[in-house]
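Next up is a structure, given as structure tokens.
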Amino acid sequence: MDLDIQRTEIQKRDSSEESGSGSSTQITDGITSTEGLLQKKFEECEEVQPRQTWSRKAEFILAVIAFAVGLGNVWRFPYLCYKNGGGAFFVPYLIMCVFGGIPIFFLELSLGQFMKAGGIRAWDLVPLFRGLTEFLGICAEKLVDRELSAILSIRTPVQDFWENRVLKMSSRIEDQGEMRWELVACLAFAWLTCWLSVSKGVKSSGKVAWVTAIYPYLILSALFVRAITLPGAAEGISFYLKPDWSKLLTTQIWIDAGTQIFFSYAIGLGALTALGSYNKFDNNCYRDAILLSIVNSGTSVFAGFAVFAFLGF
């Protein structure tokens, strides 16, 4: 009788082990199969927190304006107009804007909005293009370094003030010099401001955009009002708008127009993709791209009036 009971217990144990191994085999087969991998990927995506979105549509608009609109619009565009025949520069500039600036601007915004990712992960949509943003960023950095090297090769009073008064550069690398506490304080204040701006993601940076985007326009408007009240302002504005059509026959004006569009629109840096990724999926990014492009180029034209009014004086 005891033998029969022991034999029954052994059979039950063996059957439970076989069923357990069978279920584990099925689980393993499910994971190694394509359907299992997809199911596992979906489960991982569900565990990830959803991406933040802008509190208001205006915050996205102002954030892009604050990022893209800068010195390239205020100083570089008037300089290129002065260099390339005044109003004649508007022709290649508008052509490059329509056929180059706006389409690529729309591409970056829509790519980030669709993929809900920044400039690196957004290219998972086309794995062949992974690393494209970093490559373009490195190329842009090298071009800027080359232009700065050419400029800094000419000794100017500004460079002397920067090296001898602000930085107090030593004559050789072995001489470290003294600590520049003014620069330490400025650097600490700058990083503290950046941290406060992004500490809560787009919820905080969206609020900061109200200041960083609107304040420069207030200053520019004040400069424009002051400039047009100066004697000779009309002559400066007339020089700004008067075209020299012979410049259109040169290749340099077309090159400058193309570089100005890519420079002022901040294309190829990955930031537009990151800013667009915080939009809602059904946001009308096509309308946003056209609106922001008009604001960007309009700022350049408006800054030209202010700068040339001062030049006339």
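Backbone N, Cα and C atoms are what each Cβ position is placed from, and that goes for glycine too.
No curator has checked TrEMBL annotations; they are predicted automatically.
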Write down the single range among 175-200, 253-278 that appears in TrEMBL as transmembrane segment.
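Of 175-200, 253-278, TrEMBL gives transmembrane segment for 253-278.
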What's the number of neighbouring CB atoms sitting within 10 A of the CB on ASN296 (Na(+) binding site)?
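Neighbour count, Cβ to Cβ under the 10 Å cut-off: 24.
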Cβ distance under 8 Å to ASN73 (Na(+) binding site), same chain, sequence separation 6 or more: which residues?
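Same-chain residues close to ASN73 (Na(+) binding site) (Cβ under 8 Å, separated by 6 or more) are SER264, ASN296, THR299, SER300, ALA303.
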Quickly jot the same-chain residues contacting the transmembrane segment (290-311) by Cβ under 8 Å, restricted to those at least six beyond its ends, or write none.
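Same-chain contacts beyond the ends: 61, 64-65, 68-69, 73-75, 77-78, 81-82, 93-94, 97, 101-102, 105-106, 217, 220, 223-224, 227-228, 230, 233, 236-237, 239-240, 260, 264-265.
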If one looks at the chain holding VAL69 (Na(+) binding site), which residues at least 6 apart in sequence have a CB under 8 angstroms from its CB?
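Listed in sequence order: ALA213, PRO216, SER264, VAL295, ASN296, THR299.
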